[in-house]
Amino acid sequence: MEEVTSCSFSSPLFQQEDKRGVTYRIPALIYVPPAHTFLAFAEKRSSSKDEDALHLVLRRGLRTGQSVQWEPLKSLMKATLPGHRTMNPCPVWERKSGYVYLFFICVQGHVTERQQIMSGRNPARLCFICSQDAGYSWSDVRDLTEEVIGPEVTHWATFAVGPGHGIQLQSGRLIIPAYAYYIPFWFFCFRLPYRARPHSLMIYSDDLGATWHHGRLIKPMVTVECEVAEVIGKAGHPVLYCSARTPNRHRAEALSIDHGECFQKPVLSHQLCEPPHGCQGSVVSFCPLEIPGGCQDLAGEDAPAIQQSPLLCSSVRPEPEAGTLSESWLLYSHPTNKKRRVDLGIYLNQSPLEAACWSRPWILHCGPCGYSDLAALENEGLFGCLFECGTKQECEQIAFRLFTDREILSHVQGDCSTPGMNSEPSKK
């Protein structure tokens, strides 16, 4: 078994077998605390193209202290439907039952996303499998398409979950991030698929995974792949934070005060750039083990006052006052370059409900990079990042890196920087 420690460089878990052959893409990562185990998922493809996806694969990582030993790759053949390709792994751990739910979509044949959108006829199925033993064995597949989407599927040209992890809220609700290409107009009995626009939304369960439902589309902004994190303010009120991919050169952020049923109007974060056409990114929340004294006055006494967040309207803002650190912090991973997918960065936000509070990025990987997924180990001060990377292309491998909260604080060069001040990243 391969071993990774918190002080080591990134370790490849899935490696491209041939430049025009078998490729692994679309990472997803969760940590199962009772088993001290990471579950690292990816798509196995016959080429790097989306339409050449085959099935999902898994590697289990057993953690001892600040090191992880990885078991060999395992193909998840139960996560399949006949005549379909399996895509977009999105796992979530349910803490009461101990179940791991692995959501994904199954898409007919080799039809491309563009073909799905133009036809206006959804060929995707919403499915999951589950495990009671931290990924050793898995249930048979369950198709939730009719249960969750139902007749509304006629307005969805296509949809997908994740990719990346889902979460469980303090209330017990399980959340699976998703997006759908929504067709708003019909002309008599005919769809108008060219009008389809993507919008993020949440799929959720309030009964430990027995039944599932979907929330409202996040509008009006075009948003695609997203992840969410629960933020607890100083007053103890939970807010669900959503970070979504956009084609608008900046990341979209939105907040929900009803556990993800609906979100307020999203806004663009000018501190978090997107490359052309955007890229998936990951976000996790965590409670800091300690707040270093030097981080209390993050920008200095002469710095501009912290702005109230445009995300959350003042009538429902849970924070007692501006400029206070939240009980929850956010960590975010994404390519840092505005022009192309290179230089994977880790950003820290110590006041998620305030504006302009993202740190400069700590560069975890220099060079081509792509999709990523983060996992936070509660009460351990440890984090895992599973990410696409390479020396010439982003699809050469999917690597894993383990790091500590102290490493983050030592690399992000202070925190709440004002807009436009986070242009100089910290290299690893």
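Here the Cβ of each residue, glycine as well, is placed from N, Cα and C on the backbone.
For reference, Swiss-Prot has these:
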MOTIF     24-27  motif 'FRIP motif'
BINDING   ARG25, ARG45, TYR179, TYR181, GLU225, ARG245, ARG341  substrate binding site
ACT_SITE  ASP50  active site, proton acceptor
REPEAT    129-140  repeat 'BNR 1'
MOD_RES   SER314  phosphoserine
ACT_SITE  TYR371  active site, nucleophile
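A map of Swiss-Prot features onto the structure.
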| residue | record | Cβ contacts under 8 Å, 6 or more apart |
| --- | --- | --- |
| ARG25 | substrate binding site | ALA42, GLU43, ARG45, SER48, ALA53, GLY370, TYR371, GLU388, CYS395, ILE398 |
| ASP50 | active site, proton acceptor | MET87, THR112, GLU113 |
| TYR179 | substrate binding site | PHE159, ALA160, PRO198, HIS199, SER200, LEU201, THR223, VAL224, GLU225, CYS226, ALA244 |
| TYR181 | substrate binding site | GLN116, ILE117, TRP156, ALA157, THR158, PHE159, ALA196, ARG197, PRO198 |
| ARG245 | substrate binding site | THR223, VAL224, GLU225, CYS226, ARG251, ALA252, GLU274, GLY278, CYS279, GLN280, GLY281 |
| ARG341 | substrate binding site | PRO275, CYS279, PRO335, PRO368, CYS369, GLY370, GLU394 |
Residues of the parent chain within Cβ reach of the motif 'FRIP motif' (24-27), under 8 Å, 6 or more residues beyond its termini: 14-16, 40-45, 48, 53, 57, 87-89, 163-164, 370-373, 386-388, 395, 397-398
Cβ atoms near the residue listed as 'active site, nucleophile' (within 10 Å, other residues, all chains): 28
Residue counts (helix, strand, coil, in that order) that DSSP gives for the repeat 'BNR 1' (129-140): 0 helix, 3 strand, 9 coil
ARG45 (substrate binding site), number of other Cβ atoms within 10 Å: 23
Coarse DSSP state, helix versus strand versus coil, of ARG245 (substrate binding site): coil
Where the record names ARG25, ARG45, TYR179, TYR181, GLU225, ARG245, ARG341 as binding substrate, the maximum Cα to Cα distance in Å: 24
Local Cβ density at GLU225 (substrate binding site) - other Cβ atoms counted within 10 Å: 25
Average pLDDT across the motif 'FRIP motif' (24-27), rounded to a whole number: 98
Helix, strand and coil totals (DSSP H, G, I; E, B; other) for the motif 'FRIP motif' (24-27): 0 helix, 4 strand, 0 coil
